[in-house]
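Notes to accompany the following structure.
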Amino acid sequence: MEKRNTTSDFILLGIFKHTRSHLFLFMMVLTMAIASLMANALMLLLILLDPRLHRPMYFLLSQLSLMDLMLVSSIVPKMAADYLTWNKSISPAGCGLQIFVSLTLGGAESFLLAAMSYDRYVAVCHPLRYPVLLNWRLCIQMTLGSWFLGAADGLMQAATTLSFPFCSAHEIDHFFCEAPMLVRLACADTSVFENAMYVCCVLMLLIPFSFILTSYSLILSAVLHLRSQEALRKAFATCSSHLAVVALFYGPAIFIYMRPKSYRSANHDKVVSAFYTIFTPVLNPLIYSWRNSEVREALKRWLGKCADF
């Protein structure tokens, strides 16, 4: 029997039920989450320890792995504990922290992917000027800017969301605290905030996405003028991984935060949220390691050193 909520805590209803089929799905999701943590930690370790990967491109990739690592760590342990212990409550502070972390990482990743698209543009269209157009100072500035903009968005939305009075049930039909789901429980007029949140999401998603489309339009134009098949193959290889990651990130993000309210469904939101918080983080390092020969070589060297030790 589930306990009734008699405090100010929220109740996360979760995504899994206590049935045999749902237990199997839970074990699959938990396995994917552990694999995601290990894969992203390994990617961070390789980039940190291998001097051949100490370049702006891989520094940006290390930030992507760090964001995925933090996202999984902030959501999956609580989800697993709720399911295994049947204690589904979360304090307002814990709920606000989840909203802040998820929005910070989502916003930061949106701008980071735009920075990575600029890196690919310079590498393909201006390879000889790469050290000038994308030096370490600019790389650090873009990275810090991504984190700052993401944190500003997360702090604003988390603080505003928790400032509303909530109805007595406090039941969130989700497996973690997400701003759009929490706003539905408010016993107040939230239309102004929802409109502001929609505009904010448009700015945080569509501006970087437009920059990415522009970068790849220029890359495509340059690639079409290449007469060498080898150069064409290298250009495709260097961009295809990033395009796959862009599709995996922006598809679910736009679905969750930019749909009209009348088209929202709790079940659909939970499935899509599970995809971008659990499955996408494990796919990102795999995509880059499969498509990137330098990462594969770094992994081989690291495994060789481990075997020698």
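Positions of Cβ are set from backbone N, Cα and C atoms, glycine also.
These figures come from a predicted structure and were not determined experimentally.
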From 96-118, 165-187, the residue range that TrEMBL assigns the feature transmembrane segment: 96-118
For the transmembrane segment (23-49): best-contacting stretch of 56-76, 96-118, 196-223, 235-259, by Cβ pairs under 8 Å: 56-76
